[in-house]
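Below: one structure, written as structure tokens.
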Amino acid sequence: MSAAIRRSIAQARRIVIKVGSSSITDRQGRIDMPQLNALVDAIAAARAGGTDVVVVSSGAVAAGLEPLGMHRRPRDLATRQAAASVGQGLLLARYTSLFAAHGLTVGQVLMTVEDVTRQASYANAQRTFMRLLELGAVPIVNENDTVATNELRFGDNDRLAALVAHLVGAEVLFLLSDVDALYTDHPSRPGASKITDVSEVEDLDVDTSRHGSAVGTGGMTTKLEAARIATHAGVNTVLASATAVRAALAGEPVGTLFRASDRRRSRKMLWLAYASKVEGVLTLDEGAVRAVVERKASLLPAGVTAFTGSFHAGDPVRLVGPDGALVGHGLVNYGAEDLPEMLGHSTRELAAALGEGFDRELVHRDALILRKRYRGARRATADA
Ligand SMILES: Nc1ncnc2c1ncn2[C@@H]1O[C@H](COP(=O)(O)OP(=O)(O)O)[C@@H](O)[C@H]1O
Ligand SMILES: N[C@@H](CCC(=O)OP(=O)(O)O)C(=O)O
């Protein structure tokens, strides 16, 4: 890790720390007080040094097991929600008293997928975080497990933490876990070796398929996904053992550093890429697919043959090829009610009909995120 990055990590003014269930609860599902204490001490020291800290803490389900007489993580959603309901209260009570010993106040933030997928709620959540930080409180974030449904949940706090890091404009995201770094294979496998420095998550060739702890969810797969989201948002990301929290915060060479990408995406595009909820689907003809995928052109109304959904101007939509293969996602410039009159018409015809101020692009190239490998593209080219 270069000295400059280490320094910038140690001197960051705002950080997000995500801690996994396995790091703060024991095998019986009790909150591991010495471990939680050590974590809070390290965070309080960072706060004393003037750094804003947002904590994303898992552990609600795990902490609810023992009080409810359960011995393992429940399989069904309703029981997990009940466990989270009991455990979240206990967890926050512990955080509240441990931080109070350092003269710090905590604020609970329970988030749902919708808080980040809808632009208005995203802005609202952002305002709340900023105000909490201005007031000197330490936000303690978790997914609102008791109301999240199977269809509508993050399911893991790794990605939630990356989106929060982006939302609050953090400089560093720390993913603290029960493993000390990323390995080329599950750390228990012979030959698995430690990776200390990653420049581009998408270029990694590692096996993350084997599951992690009994209480954790997502394992290493969701941590890599989180690192990808955060680094593309310009946030340096450090994966380290929760027991090495002080060293990690001090920028010491522990764990794995995922370097912030130079090709930093705007807030809006990150939201589109990772957090938005698609409101409609546009079907493109082969010429439009080629223009968008190969020439990186904007999408014009003439290239769209059909659409579904009831979206408004500015909403996120999915773009698919004639065979339904995903082309990418984009922010559409017209609502569904305007489209029937526009589709298939050339720009000249539309300009004549709609006059001055007509927006010729249906989806502007700068508001488009293409799928990394469009599976239908080669076929579209070959058929042409
Ligand atoms: N390539 C890998 N490198 C490191 N850990 C891995 C890898 N593949 C799987 N894992 C597992 O992922 C676990 C961490 O994920 P998880 O249990 O969900 O933790 P947490 O509760 O901290 O979110 C590690 O303990 C390890 O067993
Ligand atoms: N929201 C859940 C945690 C989900 C989760 O991501 O857990 P983990 O893999 O331990 O970070 C809970 O508080 O139990």
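A Cβ is built for glycine as well, from the same backbone N, Cα and C atoms used for every other residue.
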Ser58, Asn157 bind substrate per TrEMBL; candidate in Asp52, Asp145 listed for that same site:
Asp145
For Asn157 (substrate binding site), what is the secondary structure state per DSSP, taken as helix, strand or coil?
helix
Find the average pLDDT over the domain 'PUA' (280-359) in the predicted model and report it.
90
Residue distribution over DSSP helix, strand and coil in the domain 'PUA' (280-359):
23 helix, 23 strand, 34 coil
Would you please pick out, from the binding-site residues Asp145, Asp178, the one with the fewest other Cβ atoms within 10 Å of its Cβ?
Asp178
Quick one: of the binding-site residues Lys18, Asp178, Met220, Thr222, flag those whose CB is under 6 Å from ligand 2, and say none if nothing qualifies.
none
Out of Lys18, Asn157, Asp178, Met220, Thr222, which binding-site residues lie by ligand 1, with a C-beta less than 6 Å from some atom of it?
Asp178, Met220
